[in-house]
Amino acid sequence: GFLSVALLICNRIVGTGIFATPALIVQASGSVGSSLLLWLTGACIAAAGTAVYIEFGTGIPKNGGELNYLRFLYPKPPFAVISAYAAYATTMGWAGGNSIICGQYTLHALRIPVNQWNQRFVALLCLSIGATLHSTSVKWGLKVQNSFGMFKIAVLATIALAGLAVLGGLVKVEGDPARENFSHPFEGSRTSPNSLVTGLYRVIWSFVGYANANAALSEVKDPVKVLRRAAPLGVAAVSALYLGVNVAFFSGVSKQEMIAGPGTTVACFFHNVFGPSAETILSIFIALSAFGTVLSVLFSHGRINQEVARAGIVPFSSFFTRSSKTFGTPAAGIALHWAACVVIVVAAPPGDAYNMIINVISYPLAIINTAISGGLLLLYLNPKRAQEREWNPPFRAGLPAVAFFFAANLFLTFAPLVPPAPDSQPYKTLPYWLHVAVGVSLFVCGGVYWASWYIVLPRIGRYRLVQEEVMQADGQSRTVFRRIPT
């Protein structure tokens, strides 16, 4: 329904990034004013992306999200783009990073010394609880997930209102950082392209998640109507809260403190505004926020895995396509994403290797969004082709929004190749471009897999593949390929 769709988007966008990135963006931009302008730009890009995904979602109101849109836009060579997407979607554990954060701050809240092993244990527990919940009940999974979404909104609203209280003089902060930060908001601004690239890159990634509901549109009541209303509301609410939280941080923490300790900004804010005893409350907030994101990601990616399996191109497709006979949930698809997250949590050591894996998970999404928005842009520029493809969705994003979103994702695709400033290196010992190379190689591996099963093996075995739709015992259809001897 409407509320679940809106909260599914809010829950996915609002993770732990909003608590960490504001200081990093100030560090990159050099000033309060430039930082707020970058956040405003990020909100505009998120709005354009939301419009693009609403157009696709209302035109193809099915589970699977990006898989359906890529398949529609790039039908030739047959199954090539699906194979490339499948290599990414089925192997990347999106929820792994937030489960680690959940483990870290849960232990902080319980005043237990954090080490590599107890943090991993809590992270695995977090993943397992979320996967079990979504695998055994759609109804209760959504109820719990919606509760966490509303909790996140309440936390961000509380921080924003606390900032207004400081600005209004109701709460006094030692040193009066609000006056210092807002008297000369653009003082110290950096104008180098590298600094702007770094800052804007971090802002845009803080808004990732506006397409989350598109993964489950087959299960939405009246998906066209609901998506058109719920998606803009969810993104607009988060954008307003993000800007309010940034203003709050600037009202309670000096710019020098933020630049000196970007990882402690939110802790400084809670200490300055709510007092020293607020540290435990902060840890609870961040842990619960991370867990809410884990729930949201497991819900959507379990369904994406199921739809990838329906295409019939991945091994064990019949198993991963089935819904649970008892609970009616995509339990196998959720289990696949759970397993990918477990590998990240257990195998990735702390430090550069872990950070690189998280970046590898995130980076390919920029390439996917570039392909989706670029394909839609071509349909806008070539109405005859759109008519031939029978593309006439009930909602249109508009040429300016599509072009803007395409340009933004093109920026996200190539920005990581720009050598970063010495104080903005993503890794201590690894090359700054490594996650780009690994992310691209995922799609290359998918292409090699496609060439093997669709071209090379049929030639060697002297057969051709014929696509058929079959109905499973659970009432769902899936694609199978029959080998016809040549």
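The backbone N, Cα and C atoms fix where each Cβ goes, and this holds for glycine too.
Here is what TrEMBL says about this protein:
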type	residues	note
TRANSMEM	38-58	transmembrane segment
TRANSMEM	79-101	transmembrane segment
TRANSMEM	121-141	transmembrane segment
TRANSMEM	153-171	transmembrane segment
TRANSMEM	230-250	transmembrane segment
TRANSMEM	280-300	transmembrane segment
TRANSMEM	327-348	transmembrane segment
TRANSMEM	360-381	transmembrane segment
TRANSMEM	393-412	transmembrane segment
TRANSMEM	432-457	transmembrane segment
Check: Does the chain bring the transmembrane segment (393-412) near the transmembrane segment (230-250), so that three or more CB pairs sit under 8 Å (pairs 6 or more apart in sequence)?
Finding: no
Margin query: Do any residues, 6 or more residues outside the transmembrane segment (153-171), come within under 8 Å Cβ-to-Cβ of it, and if so which ones?
Written below: 10, 14, 18, 178, 237, 241-242, 244-245, 247-252, 269, 273-274, 285, 289
Notebook entry, point to check: Is it true that the transmembrane segment (360-381) and the transmembrane segment (280-300) have 3 or more Cβ pairs under 8 Å, skipping pairs fewer than 6 apart in sequence?
Noted result: no
Item checked: Considering the transmembrane segment (327-348), which listed stretch of 79-101, 121-141, 280-300, 432-457 counts the most C-beta pairs under 8 Å -> 121-141
Margin query: Do any residues, 6 or more residues outside the transmembrane segment (121-141), come within under 8 Å Cβ-to-Cβ of it, and if so which ones?
Written below: 95-96, 99-100, 102-103, 106-107, 219, 290-291, 294-295, 298-299, 302, 324, 327-329, 331, 334-335, 337-338, 341-342, 345-346
Checklist line | Remote residues contacting the transmembrane segment (79-101) - C-beta distance under 8 A, at least 6 residues beyond either end | finding: 15-16, 66-67, 70-71, 73, 119-120, 123-124, 126-127, 130, 286-287, 290-291, 293-294, 297-298, 301, 304-305, 308, 311, 313-314, 336-338, 340-345, 354, 357-358, 360-361, 364, 368, 371, 442-443, 445-447, 449-450, 454
Next item on the list: For the transmembrane segment (38-58), could you work out the same-chain residues 6 or more beyond its ends whose Cβ comes under 8 Å from its Cβ atoms?
Entry: 13, 25, 29, 65, 68-69, 196, 199-200, 203-204, 206-207, 210-211, 213-214, 217, 223-224, 227-228, 231-232, 235-236, 238-239, 242-243, 246, 369, 372-373, 376, 393-398, 401-402, 404-405, 408
